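Student: Dumping the structure here so I can ask a few things about it.
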Amino acid sequence: MIELDRLDLGGGRRLVITSEPDAAVPQVRDADGHWRRAGPGDGVAEAMLDALNQNPGTTKHGNFTLLSWASQTARGERPITVDQTNESVIVGDAAVVKWATHLQEGPHPAPARIKALRGNGFRGMPMPWGLVTWQTADHPETLVVTVDEYLPDAVDGWTWAVALVTDAAQDRAAVPALVDAVTAVGCVVAELHAAQADTARPATAADARSWREAALETVETAATLGTSVSGELLRARREDVEAVVGTLGDLAGIPVLAGHGDLHVGQVLRAGGRYVVTDFDGNPVLPAEARVKPVPAALDVAGMAQSLAHVAIVACKYTELAPAALADVDRLARTTFVGAYTDRLETLGHRSVYDPAPLRALRLQQVLREIIYAARHLPRWMYVPDAALPALLDEGTST
């Protein structure tokens with residue numbers, strides 16, 4: 001581990017930027033004067049909250065920038081023990097401090113998006129307390145610390161959505177609960193896009209060309225890596241698939257905006273009767289320069305709609321469900337989500353930012369990315385694209 005930089009938080013606590021691995025590492029100085037990696041209970045997360053509270057607005061500290069909305073601090077640290085990419089500490093049951101233990105290559109999309117969403121009054125996310133970024137002449141700005149409100153008993157969509165779909169497929173009396181949930185999520189996504197409407201612009205011919213090229217490259221990669229049912233089907237129907245995703249090259253002029261960029265049910269938490277969107281880091285499979293670019297609103301809509309289809313696949317993996325009932329619930333969830341989204345967007349006066357034309361192509365591209373992800377990182381997930389690809393290719397609707 002090589003130390004590149006440090007942010008002094010006072011009281012023998014600091015944040016260190018390292019390479020090999022690239023990480024933001026909280027450290028505490030012991031009584032003997034030696035520095036070590038800090039854990040929950042060592043007070044570094046508390047010190048981070050104090051620093052944000054003492055530096056409102058945007059302040060520079062060497063190569064670090066603090067962006068703070070915090071009007072309070074908190075005491076008492078405990079870990080979040082579920083599996084996650086980064087390391088998070090709950091402070092005083094009020095805030096969550098997330099250390100970026102795997103630094104993304106900059107420029108990072110989250111700081112600008114979160115700042116804009118908060119400034120435009122978007123409330124469909126955990127309330128941000130502050131951010132810390134790091135930038136040098138050799139390293140574009142990247143996110144090293146995120147601090148958000150703590151949401152007790154928050155559950156992500158791979159839990160709440162699977163449970164709701166399972167219940168609805170087993171008992172029609174449970175359908176209204178599913179409809180209410182996906183309606184709420186559709187409204188939140190619409191509110192997100194409305195809050196970013198001032199970033200909208202027409203896509204250029206170069207944008208459309210890059211989307212087509214990236215999609216065809218995804219087809220090639222998925223066809224090469226896929227060795228299961230979905231890979232075989234993709235190779236057999238490659239011409240059909242390329243024809244669908246190739247239409248992304250015809251989208252010059254479509255509105256693009258600073259959307260979420262990696263939206264799926266796993267990014268939507270249910271907490272205290274509300275649904276909130278998390279993780280504005282952009283799609284991790286894309287290079288840094290692509291993650292910060294504006295996207296069609298349909299990308300977020302397609303990501304959520306297709307993930308709802310995947311929820312149904314997961315549901316029947318773990319519970320025996322009548323195929324016809326599950327198919328009805330799957331279709332209802334997706335159409336309800338898209339309908340709620342478009343209705344809410346229109347009510348907010350920003351229907352013009354959404355063009356549904358690329359919805360099918362973007363859903364298909366997402367399934368191909370699932371093949372690649374499963375092949376490279378999580379083979380046990382392959383059952384999802386194995387079921388999703390034939391269903392989508394044979395589907396007669398765009399939702």
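Numbers run from 1 along the shown chain.
Note: Cβ is positioned from N, Cα and C throughout, glycine not excepted.
These came from Swiss-Prot, pasted as-is:
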{"type": "BINDING", "residues": "K98, E149, Y150, L151, D156", "note": "ATP binding site"}
{"type": "BINDING", "residues": "D262, E370", "note": "D-glucosamine binding site"}
{"type": "BINDING", "residues": "Q267, D279", "note": "Mg(2+) 1 binding site"}
{"type": "BINDING", "residues": "D279, D281", "note": "Mg(2+) 2 binding site"}
{"type": "MOTIF", "residues": "366-381", "note": "motif 'Substrate specificity determinant motif'"}
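Tell me about the surroundings of these features in the structure.
Tutor: Under 8 Å, Cβ to Cβ, and six or more positions away along its own chain, L151 (ATP binding site) finds P126, L269, A271, G272, V276.
Neighbour count (other Cβ atoms within 10 Å of the Cβ, all protein chains): 23 for E370 (D-glucosamine binding site).
Close to D279 (Mg(2+) 1 binding site) in the fold, though at least 6 residues off in sequence, lie D262, Q267, each with a CB less than 8 Å from its CB.
Neighbour density for D281 (Mg(2+) 2 binding site): within 10 A of its CB lie 21 other CB atoms from the protein chains shown. Under the three-state DSSP scheme, D281 (Mg(2+) 2 binding site) falls in the coil class.
Beyond the motif 'Substrate specificity determinant motif' (366-381), the same-chain residues lying 6 or more positions past its ends with a Cβ under 8 Å from any Cβ of the stretch are 218-219, 221-222, 225-227, 230-231, 234, 241, 245, 285, 302-303, 306-307, 310, 388-389, 392.
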Student: So what pLDDT does the motif 'Substrate specificity determinant motif' (366-381) average out to?
Tutor: 96
Student: Cβ distance under 8 Å to E149 (ATP binding site), same chain, sequence separation 6 or more: which residues?
Tutor: A94, A95, V96, P126, M127, P128, W129
Student: Please list the DSSP helix, strand and coil residue counts for the motif 'Substrate specificity determinant motif' (366-381).
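Tutor: Computed counts for the motif 'Substrate specificity determinant motif' (366-381) are 14 helix, 0 strand, 2 coil.
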Student: With a 10 Å radius around each C-beta, find which of these binding-site residues (D156, D262) has the fewest other C-beta atoms nearby.
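Tutor: With the binding-site residues D156, D262, fewest surrounding Cβ atoms within 10 Å: D156.
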Student: Could you state the whole-number distance in Å separating the C-alpha atoms of Y150 (ATP binding site) and D281 (Mg(2+) 2 binding site)?
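Tutor: So the alpha carbons of Y150 (ATP binding site) and D281 (Mg(2+) 2 binding site) sit roughly 19 Å from each other.
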